[in-house]
Amino acid sequence: MARTHFIFLLLVALLSTTFPSSSSSREQEKDRIKALPGQPKVAFSQYSGYVNVNQSHGRALFYWLTESSSPSPHTKPLLLWLNGGPGCSSIAYGASEEIGPFRINKTGSNLYLNKFAWNKDANLLFLESPAGVGYSYTNTSSDLKDSGDERTAQDNLIFLIKWLSRFPQYKYRDFYIAGESYAGHYVPQLAKKINDYNKAFSKPIINLKGFLVGNAVTDNQYDSIGTVTYWWTHAIISDKSYKSILKYCNFTVERVSDDCDNAVNYAMNHEFGDIDQYSIYTPTCVAAQQKKNTTGFFVRMKNTLLRRRLVSGYDPCTESYAEKYFNRPDVQRAMHANVTGIRYKWTACSDVLIKTWKDSDKTMLPIYKELAASGLRIWIFSGDTDSVVPVTATRFSLSHLNLPVKTRWYPWYTDNQVGGWTEVYKGLTFATVRGAGHEVPLFEPKRALILFRSFLAGKELPRSY
């Protein structure tokens, strides 16, 4: 029944793209951002607004498009960026801290340019998804308590189809998806939806070429084993805690036992210390401890250890700058946001969605196998100082794909220094970024940009100085 309803929604969305009207140009122009408050002068165009993905429930997703700053943006691909959580904003993180053209100052009063913005090479589309994240909303309150992987992927596909109707110049354009963390679910799940959808057309409007994901949640069992191993090998936890967690935690089941819960809680509360778990070698922010206490970082979730680790919060300092800026009424007017007068404040992550997330696939490995065989370009990258979804977790998970190696492990270089390490498999490339935390473009922006350019070009990462 649910599948039939989804197919019906796709047909409705498809009809709106098959018979474009003059209203598309009017809708597009209505979404144009003339200038953001405190924004430096730029030559590229920006648009933002809402796309309704479910009329009966009143679910609408908010987007922000920053076109390429290159002299010929019409020749550049379109990149959709998704952040994870689940329940965290791509505008708060991807756009404002990582790959977007602007950074927010500490007071939330002004913007300044990001020297390593990815819109030098692509048109960037940031989507706040699912409904309930950031400015995205639903008129059906129960939607906030039964969100999950499947509906998020469905809504994101419907968004894309309808958005392309509003922006027909992007139909058939080379299209890529990127993201990080729990977007390790969102990105491949959406890629599969698009791949399946495109099979019905000889020339599909969504010209999906590939995707890349950083510090990606991939497989509950292997990710969890790899994470605990990272904690121990990086001297964050004791031998005793490491052995206790491996002894008492069964990472193949949905619910953790009390013994497992106690072992993990002891390690995190008594051995970790006050470190930034998303970047273990960088200083913590004063606000970090406050964030930990107020968001329930250590609350017991209903799922696995993995879910317990994913309660929100990247860098709490930069996150607070975004919350100051995007709650400003003049910013919301400029972005055509909060047009329905949402009663709650814009936040970087939704606690409600995080705590009530319903369906979460245990593994992405079957999707990776399918899409790797389909010819899509797939890159997985890991910042190597992240202890939340660490490099060992990703390597443990990817090793179970058993893909043939095309290019053996080697160091790649930037500015006469090792930028990380990489190995190329048949259908998939894996790369590390040296010195980067959970949000790779935040901690190592230049290396992240070089990685992105190599991905777009379909070339291996540079071997030379």
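Glycine too: its Cβ is placed from the backbone N, Cα and C atoms.
As recorded in Swiss-Prot:
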- Ser181: active site (ACT_SITE)
- Asp386: active site (ACT_SITE)
- His438: active site (ACT_SITE)
- Cys249-Cys260: disulfide bond (DISULFID)
- Asn54: N-linked glycosylation site (CARBOHYD)
- Asn105: N-linked glycosylation site (CARBOHYD)
- Asn139: N-linked glycosylation site (CARBOHYD)
- Asn250: N-linked glycosylation site (CARBOHYD)
- Asn293: N-linked glycosylation site (CARBOHYD)
- Asn338: N-linked glycosylation site (CARBOHYD)
- 1-24: signal peptide (SIGNAL)
Provide, as an integer number of angstrom, the distance between the C-alpha atoms of Cys249 (disulfide bond) and Asn139 (N-linked glycosylation site). 40
Round to a whole number and give the Cα-to-Cα distance in Å for the pair Asn250 (N-linked glycosylation site) and Asn338 (N-linked glycosylation site). 44
Reduced DSSP state (H/G/I helix, E/B strand, rest coil) at Cys260 (disulfide bond) is helix
Based on Cα distances to His438 (active site), point out the closest of the recorded positions Asn105, Ser181, Cys260, Asn338, Asp386. Asp386
Based on Cα distances to Asn338 (N-linked glycosylation site), point out the closest of the recorded positions Asn54, Asn139, Ser181, Asp386. Asn139
Around the Cβ of Asn250 (N-linked glycosylation site), how many other Cβ atoms lie within 10 Å? Please give the count over every shown protein chain. 13
For Asn105 (N-linked glycosylation site), which DSSP three-state class applies? coil
Smallest Cα-Cα separation from Cys260 (disulfide bond) among the recorded positions Asn54, Asn105, Asn139, Asp386 is shown by Asp386
If you count other CB atoms within 10 A of each CB, which of Asn54, Asn139, Ser181 wins among these recorded positions? Ser181
Which of these recorded positions is closest to Ser181 (active site) if you go by CA atoms: Asn54, Asn105, Asn139, Asp386? Asp386
If you measure from the Cα of Asn54 (N-linked glycosylation site), which of the recorded positions Asn105, Asn139, Asp386 is the nearest? Asn139
